[in-house]
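One structure is given here, and the rest of the page talks about it.
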Amino acid sequence: MNSFAVFGNPIRHSKSAEIYALFAHEIGISKEYNLKLAVQDNFNYLLHNFFKLGGLGANITSPFKENAYFLCNQLTERAEKARSVNTIKKLKNGTLLGDNTDGIGFISDLKRLNWLDNNNQIISNDAPIPMVTNILLIGAGGAAKGIVPILLTTITTCHINIVNRTFSRAQELTSYYQEIGYKNISCLPLYKLRYDTNKYSLIINATTSNIHNTIPKIPYFLITPDTKCYDLFYTKQDTLFITWCKKNGANYCADGLGMLVGQAAHSFLLWHNTFPTINPVIDHLRSAFYM
């Protein structure tokens with residue numbers, strides 16, 4: 001088989017195969033990359049069978065990143081910390097190495113957007129510059145797990161506040177990161193945001209709300225003209241979350257297409273030991289949306 005694939009549900013909308021093809025063309029290789037629709041009952045079987053039949057590498061997307069974590073024989077440090085896997089490589093001895101490139105892909109996109117300065121601090125037009133950079137993270141699933149560790153280690157002045165529709169999941173995630181040494185992280189029941197007096201420099205939607213045609217229920221007053229609003233999801237037009245943020249005064253908004261390409265580039269690096277060019281692929285996908 002000697003192929004690559006992405007596993008998820010839904011999967012029809014995925015741009016991963018197109019991204020891989022563009023990267024592969026750049027460095028002059030030719031490999032198959034397929035979309036694999038799975039459900040919870042057959043994900044483990046499909047993944048193992050893919051590698052048994054000669055698969056070399058796989059991307060894992062929602063909702064299977066946490067499942068994949070437990071199926072790998074070895075884990076990179078960032079996958080271990082995230083307890084979530086979005087990239088798997090079959091090693092020469094036949095074992096599976098799990099990695100999580102979501103976090104590094106997210107940080108690379110913040111830099112591409114010029115939202116981070118040379119010291120990896122979020123750029124602010126406010127004066128004075130806040131001593132603590134407050135980040136609101138909406139969601140506590142696999143996508144959120146992938147970005148928390150690198151946010152805390154890269155943006156050294158940040159404090160992350162996690163909210164989630166099911167508060168117990170936010171508590172579990174917060175407790176885990178506190179136990180492994182990250183102190184600048186807390187959580188809050190979603191309804192208590194109406195009493196929150198923090199000024200957030202960055203608000204991240206790490207939920208799948210757009211798939212369900214909804215937006216996270218957060219108060220409009222958390223949005224200021226200087227707030228950076230990022231939706232890990234991406235669509236042809238603005239996501240519902242970004243539309244809502246703009247309506248409430250946000251001047252800095254981005255969807256997750258740049259992060260998608262960034263994390264895919266780091267997956268490609270793991271598989272082929274070559275780092276592809278990111279920006280032309282983002283530009284190509286953006287233009288293709290409107291053709």
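Heads up, the Cβ atoms here are built off N, Cα and C, so glycines get one too.
Residues or ranges marked as active site, proton acceptor in Swiss-Prot (evidence: sequence analysis): Lys65. Feature annotation from Swiss-Prot assigns shikimate binding site to Ser14, Lys15, Ser16, Thr61, Asn86, Asp102, Tyr234. As annotated by Swiss-Prot, NADP(+) binding site applies to Glu77, Gly139, Ala140, Gly141, Gly142, Ala143, Asn164, Arg165, Thr166, Phe167, Ser168, Arg169, Leu232, Gly256, with the evidence given as sequence analysis.
Everything Swiss-Prot records as a feature, shown here on the structure.
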residue	record	Cβ within 10 Å
Ser16	shikimate binding site	23
Thr61	shikimate binding site	21
Lys65	active site, proton acceptor	27
Asn86	shikimate binding site	31
Ala140	NADP(+) binding site	25
Gly142	NADP(+) binding site	25
Asn164	NADP(+) binding site	25
Thr166	NADP(+) binding site	11
Ser168	NADP(+) binding site	10
Tyr234	shikimate binding site	22
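DSSP assigns Ala140 (NADP(+) binding site) to coil in the three-state reduction, outside any helix or strand. The Cβ of Ser14 (shikimate binding site) has Val6, Gly8, Leu35, Thr61 as same-chain neighbours under 8 Å, each 6 or more residues away in sequence. DSSP assigns Tyr234 (shikimate binding site) to coil, not to a helix or a strand. Residue density at Lys15 (shikimate binding site): 18 other Cβ atoms are found within 10 A of its Cβ, drawing on all protein chains shown. Its Cβ placed at the centre, Asp102 (shikimate binding site) has 33 other Cβ atoms within 10 Å.
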